[in-house]
Amino acid sequence: PGRVRVAVRLRPRSAEDLLSDADFADCVELQPELKRLKLRKNNWSSESYKFDEVFTGTASQKRVYEVVAKPVVESVLSGYNGTVMAYGQTGTGKTFTLGRLGKDDASERGIMVRALEDIVANVSLASDTVEISYLQLYMESIQDLLAPEKTNITINEDPKTGEVSLPGAVTVKVQDFDHFVELLQIGEGNRHAANTKLNTESSRSHAILMVYIRRSVPEKVEDDINSQDRKTKSKLPLVRKSKLLIVDLAGSERLDKSGSEGLLLEEAKFINLSLTSLGKCINALAENSPHIPTRDSKLTRLLRDSFGGSARTSLIITIGPSSRHHAETTSTIMFGQRAMKIVNVVKLKEEFDYESLCRKLETQVDHLTAEIDRQQKLRESEKYDLEKRLRDCHDSFNETRKNLVTRSELLEQKNTRLELVIEEALAELNCQKDQNSLLEDKIADLEMSLKQNKQNQLENSTYQKVLADTTQMYEKKIAELMKQLEVERAKSESAEEQLDAMKKLSDEHKKLIQHHEMENSKYQMALADTTQMYEMKITELTKQLEDEHTRFEGAQEQLDLANMLLADYQNSTQGQDETSELRLKLEEMYRLHESTVNELQSLKAEFKDQIQEKEAISEKLYAVQEKLSAEEKRRKAIEHELVNLKKGAPEGDKHFEDKKSYMKENIRGTSVLGTSASLNKSGTLRVTQSAQRATIAKICEEVGLQKIIQLLTSEDSDVQIHAVKVIANLAAEDVNQESIVEEGGLDALLTMLRSSQNATILRVASGAIANLAMNEMNQGLIMSRGGAKLLAKTASGTDDPQTLRMVAGALANLCGNEKLHTMLKEDGGIKAMLGMVRSGNSDVVAQVARGLANFAKCESRAMVQGHRKGRSLLMEDHALEWLIDNCNTTSASTRRHIELALSHLAQNEDNAREFISSGALQELQRISNESSREDIRNLAKKMLKSNPVFQGEMRLGQQ
Ligand code: ADP
Ligand code: MG
């Protein structure tokens, strides 16, 4: 059994192709290494088909023959029927592939020529026969191409064997290869060729070459069962009859396109009949249908015993590269694809050559009769011989019996004598037995002692071994201990070294401190000195100043006096000398006064400078003091570390743990929504996460949940961040949720959403709330404390996709509680979800879709149970538009949620009108057919069927 082998061959671009569509790409792309052909559907997509072989435009005729036809020819040579057939549009190379004679260029020889070459080379024309018929099928009439006057040849079918024959057709016995080529040429000359626009060489008729082969089988050797002589074997002469069909089909194009103006409608109808009928048979065979409509046309009747079924078949489909013939090329490829599904069960047709068999059997009978005659004679003489020998034997037997009787008498006498001797020997034997038993006792004793010796020896050796083993073991242990000792020593040395270094360091520090202290005291002394000195100077200067002042006052008095005197003098108009004298004195006084004032100013400046200097020094002093205290602190820290080191040295480092590390962990890994979020994460992350959780749980135990919750309200935002991260982690575990809520954690988280401006806090707090919102009890609490409003506010205030995802997750969880729906809608929860989609982040969108699906599902459940009525709350917030717009998202889970949401919304009859007007009904129909999930498809179907409004609408649509 085998399949119909189908190869596809692409004709290279012809001159016409090049002229007419030079600008267009080929409509096919071959992948010969994959045996695939890509057929372009449009500019952006193509379909790929697999064939048994794919030949590019450069494939040689030889290779095409070897791959397509040679296996069929070989099987025909071994007695099976076979067919090679070419199918394709006119001008794509069917005749080129099959019928080329290759007279000018031997490499162009087609399949017909090459097949006959192979056949002629493989049969012996002396004992075997090769006959051909060459026919044309045109307008449902068979014409003999070798005798063109014979038209309308009838087809005969043997009702028993199903064999097809054409008694009216000429069959010519092929003498040699050249004879065959001659016959082909004659046939070609007679072939009716209808010219078409597409190709002037191509034909509208089917050309059929039939090659009948009759071969005598190399005689089979079989054992003759009745023969006594195994060397004689009978031989059965056999002939094998087989048939090779090579069919060059008419062009497969639709006639209206090929522009066959001059043709009769009749011709078109008949050509179509044979090819369409072939197509139908192939479809039926491919589908393994019990009825194959072979009777519908001449072509299929002719091919009945040679295509599919019981013959080996190869089909070569020919195509052209041009996009102009895209439709024809497509249908050709589909034809080939269907033919690939046909399975054959090939039958060997062998017949007995009865005449020669009869002749052979007669000679055998003669031979056997003579033989039997000869054997009978031989047997008679043998019988006489045997009787004679029997008599002789009888005589000799009697004589021997006499001899035996005399000998037995003699033997009896000897026997009695021997019995006497035995008795004597027995007595002696008993005596020796006694002695023997004595000796045996002795031996037993000796053996006992020997055994004991041996045991002792054995024990000794085991002791020695044990001793050696234990010694070895102890030595090993000692070596190990020594090693350990060395390691410990090395460790303690290094610890000592570290200790020394630390000591040195601390000494240095001490020295430094002493030095600083000394310097400090020096500075202080100097400061005191200078202060004293300056104070003294200042007092001196003040004194001087005071003196000067009194002096100045005196001078002033004198001046006043002088002035008075001068007035007196002027009044009295006497004593001018005195006046001039006084003026001189006055001037001198004035100069003195001026110099004093100058001195005073310089002293003041000096005083100011000194005060500044004093300030600088005291600043320096302060800096030094500060440095000193820092050094002191550092020293203390080092000492502390030293103490720790001393303590820790014997235990090693393994107990040291960075207890703060979890604080720096990123909270983003926290599972907010259980499934969807954590599914995407790699295993390692999950491991670190659980490790993180474990540490957090430990901390919680140590610190106490209440304290951590108190930290949520801390003033320090860093502390708040750490605390909220811990709470978010704890909230991911169901067991912690109740206590978190009891201890006021939920309130604290909501307060955070209300008042915090910190992005991290908002994100993590939303995550924590999302975790808490998984629990139905918490959902009510969250809602009653304004959680939905706060979440909506948080969503509107941020663009951070992580925060949005958490918020969306929290809201999606709340959507799963039907009792809260009205409140959720009134608090703006649904609007907030639909608004969050603006971020475009796929995780956020997925959460929103999940929320809507949750909402719709609960709503439809409530409808069924009868505690809800009226149009869906979701629809009021315009969720339907969003669902329709996002129906074709690429994320599978989002898509599934949207499909679910739509299906559940469809349940509500009050939604139906809007469903129809918004186009959601079409979407629902599509879901019922195309959704990737069977359950959703079924749900959608159920909704479509159960809703009378939809039914009516769909009936209208069909009309
Ligand atoms: P069909 O029999 O399918 O109508 P033909 O065999 O007559 O097509 O081929 C049409 C033309 O294309 C002929 O000129 C032929 O030589 C040429 N042709 C077909 N196939 C090939 C090929 N593989 N290589 C080169 N020329 C080819
Ligand atoms: Mg042709």
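Don't overthink the numbers, they just go from 1 along the chain as shown.
Glycine too: its Cβ is placed from the backbone N, Cα and C atoms.
Curation plays no part in TrEMBL annotations; they are all automatic predictions.
Feature list (source: TrEMBL):
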DOMAIN    3-342  domain 'Kinesin motor'
BINDING   Gly88, Gln89, Thr90, Gly91, Thr92, Gly93, Lys94, Thr95  ATP binding site
COILED    408-558  coiled coil
COILED    586-648  coiled coil
REPEAT    703-745  repeat 'ARM'
REPEAT    744-787  repeat 'ARM'
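Feature map: annotations from TrEMBL on the structure.
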residue	record	Cβ contacts under 8 Å, 6 or more apart
Gly88	ATP binding site	Lys94, Leu249, Gly251, Ser252, Ile317, Thr318, Ile319, Thr332
Thr92	ATP binding site	Arg11, Thr318, Ile319, Gly320, Thr332
Gly93	ATP binding site	Arg9, Arg11, Thr318
Within 10 Å of the Cβ of Gly91 (ATP binding site), how many other Cβ atoms can be counted across all chains shown?
26
Gln89, Thr92, Lys94: which of these binding-site residues put a Cβ within less than 6 Å of any ligand 2 atom?
Lys94
Is any of Gln89, Gly91, Thr95 (binding-site residues) within Cβ reach of ligand 1, i.e. under 6 A, and which?
Gly91, Thr95
Could you tell me which three-state DSSP class Thr90 (ATP binding site) falls into?
coil
Across all the protein chains here, work out how many other Cβ atoms are within 10 Å of the Cβ of Thr95 (ATP binding site).
23
C-beta crowding around Gln89 (ATP binding site), within 10 angstroms
27
DSSP helix, strand and coil counts for the repeat 'ARM' (744-787)?
35 helix, 0 strand, 9 coil
Would you identify the secondary structure of Thr95 (ATP binding site) according to DSSP, in three states?
helix
Local Cβ density at Thr90 (ATP binding site) - other Cβ atoms counted within 10 Å:
25
For the repeat 'ARM' (703-745), what's the mean pLDDT in this predicted model?
85
Which number gives the other C-beta atoms within 10 angstroms of the C-beta of Lys94 (ATP binding site), all protein chains shown included?
29
